[in-house]
């Protein structure tokens, strides 16, 4: 399975998608000569030792290979990974949200309203809208490791700054910047997993990663509730700064560069300097050069084009955004229901999020079994699976979400034991992640070469919903009461239940009538039959040309038909 958890996301490059669709063909045009030197043995884990060691070292074995080409500017040597290449990330080895709990302290410290304090959550999540659109293309230009190093370093500084903020304005700005800078893992961590694991291997890894954006905001209040109650809100941000700083150091020390096009591009440059001959990566050989400005322009505009022109993308993104926003609404509602309604302390109130944690864990376990079911079904079929085959978990999840939300809404009375509404949140979280992961997989399989832009659009839209929903939660609960206010998202989820069923039954017919989905299917067929790699830019241009030609033919046909009818009318009148 390949998905953008929260995020997920512009996370998969076109090279990764292409390799997945036609098989693991990294060795096409690769010389069969074995390396002449033995790799040094390391004590770090086997997979990491292969890709972390000699990160920028060009050994004589690289230069001695018989690469295709002549080594000239016109016909450069085309390099690829060697059979036992230490930097090939896919070579197999040998046999967040503790700030939610500090809202009351922030209100007292700065003398502000509940709505302004809630902006700290909303602006943080709003940063998820813009950050991945920038960090994903930059990681393809400058590598995953450099982006991780920079973003974790700056996010650590901003979190530390938030801990010492002297005004609410500076705190809100720092929260937004922390979300924007710290959102790099939402796009680049799935890409790193795709770099390291083959499509058949990455299902469980992606499953675990996809649960993290839901587990983080749920686990955070459990620990943060007691910390905020005893040490104050500044220590919550201090804890986040410490955690991000440790992560920054760990990423710097242990995470190697994994993006194959960047590794081979840098290797070709180094080998060209060493030998005086011209080398080029096989992954770059047939592509026009692409600047950072060009990639950023596409990253900022193309997702919105696909979002509003493709019905499948729009409907699934709206559905995911509603349930994602509902999750953040729950984070704002739980203090109202359990602390205000039942008199729980801030620390004990954080324990109400335990149901969300259990539901997310159940969904990860469910997807581990679903991954095996999907693999067996693909093996039995003996042919590529249809995107609609990804939807059964979404069908199940679409039913669990309204069940869990209605359960929670109408068991929040003080006369009912507190465990009962928390059990309802288990079903909600279970269904939420099932729908989230299944629909993202469906979008990726439906749009293949456009997957990065589709994930970017989905991530941006759901982050907007996640930022907006908490802002009106307090007013909604004050105006409607706990039960009916909690039922509003349940009714929205209930209205969305038919979507997975309709896509499962009619998805193929709908896809073939969508401009870019149809082009993605054509590109996928071309890559499978001809074993060629097609970039997202190429596919976009081809889709637009086909659409223009189809529109022109339709206009010409309509004009001809109108002229013919007019001629007949004139003949009759004569």
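Glycine is no exception: its Cβ is also placed from the backbone N, Cα and C atoms.
Your range for transmembrane segment, going by Swiss-Prot and the list 92-112, 176-196, 260-280, is 176-196.
The range from 208-228, 292-312, 523-543 that Swiss-Prot describes as transmembrane segment is residues 208-228. The stretch from 148-168, 176-196, 318-338, 394-414, 419-439 with the most CB pairs below 8 A to the transmembrane segment (116-136) is 176-196. Note on the transmembrane segment (148-168): residues 106, 110, 112, 116, 135, 174-175, 177-178, 181-182, 184-185, 188, 234-238, 240-241, 244-245, 247-248, 251-252, 255 of its chain, located 6 or more positions outside it, place their CB under 8 angstroms from a CB of the stretch. Only pairs six or more apart in sequence are counted, and the transmembrane segment (348-368) with the transmembrane segment (208-228) gives three or more Cβ pairs under 8 Å, enough to call it a contact.
Only residues 6 or more beyond the boundaries of the transmembrane segment (419-439), in the same chain, are considered here, and those with a CB under 8 A from a CB of the stretch are 1, 3, 5, 207, 210-211, 214, 218, 316, 319-320, 323-324, 326-327, 330, 337, 352, 354-360, 362-364, 366-367, 390-394, 396-401, 403-409, 411-412, 500. Within its own chain, the transmembrane segment (484-504) is flanked in space by residues 312, 315-316, 319, 322-323, 325-326, 329, 333, 337, 388, 391-392, 394-395, 397-399, 401-402, 405-406, 408-410, 412, 435, 438-439, 442, 473, 476-477, 510, which lie at least six positions past its ends and keep a Cβ under 8 Å from the stretch.
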